[in-house]
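According to TrEMBL, the protein carries these features:
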- 26-49: transmembrane segment (TRANSMEM)
- 41-289: domain 'G-protein coupled receptors family 1 profile' (DOMAIN)
- 61-83: transmembrane segment (TRANSMEM)
- 103-121: transmembrane segment (TRANSMEM)
- 141-163: transmembrane segment (TRANSMEM)
- 204-227: transmembrane segment (TRANSMEM)
- 239-261: transmembrane segment (TRANSMEM)
- 273-291: transmembrane segment (TRANSMEM)
Amino acid sequence: MERINSTLLTAFILTGIPYPLRLRTLFFVFFLLIYILTQLGNLLILITVWADPRLHARPMYIFLGVLSVIDMGISSIIVPRLMMNFTLGVKPIPFGGCVAQLYFYHFLGSTQCFLYTLMAYDRYLAICQPLRYPVLMTAKLSALLVAGAWMAGSIHGALQAILTFRLPYCGPNQVDYFFCDIPAVLRLACADTTVNELVTFVDIGVVVASCFSLILLSYIQIIQAILRIHTADGRRRAFSTCGAHVTVVTVYYVPCAFVYLRPETNSPLDGAAALFPTAITPFLNPLIYTLRNQEVKLALKRMLRSPRTPSEV
């Protein structure tokens, strides 16, 4: 496509992910099911945390409820637009829509990073300092920490969106990706993007590296504390509450590091890796937390077996 320097773009065309045309319907149905199950699964987690007084009074499950809201948001921002690539015809995304998609993805994605760190800190306090935990992690403090995570995520998303779209875009308008993300959009800019690429690498690198380091440090302390527990049942329960968190952190951080924290290659694997934080992880989180967290499973059983009215609780 020829570059037209005199006209600024008003829309972009997302190429989506490569696929055989004969599988168009299959992929559409697959991602539709992923989206529906993601929304239902995370909504079930939210309802369970809200309905069970044993859960919604504990910071760990307040954080889990917030994580479900974020997962529902990320899935709604990305997956419906991805599904449009499996329908007939070219469906451009308006320039403003591209800005909004990039902002909200990085806003919610960075908030999720901060929230994973808060969840690790909460587990550290609960396991390493159980007697002081009710004093150290109060409901007020957990609410302030969540508000801080939302605020920091909003600032991060705004910084990335402003830096990306302050550049002129005058053609071509074809984004080789399934959503408006920084590396793919910057390749279309009609200006030098060196500063943007450096700031993006440093900014995202600092967020990912600092959050992951704090999580790793927390779990080193947690594992040491668990190994000092004398009973096998106590160790099993401690590992049960931490295992789900470790699993989702691994599934989330490894693809993100692959996409953002390596030299620009425009590899087809970038799109496959990006499917994890945008579509697969939001879908898996409810499954992981219900299958690996004993308290969530018990709360689900209580809610499904004998629903209670507020007066009976």
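For all residues, glycine too, the Cβ spot is worked out from N, Cα and C.
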Using a Cβ distance cut-off of under 8 Å, indicate which of 26-49, 103-121, 141-163, 239-261 has the most pairs with the transmembrane segment (273-291).
239-261
The domain 'G-protein coupled receptors family 1 profile' (41-289) [mean pLDDT, rounded to integer]:
87
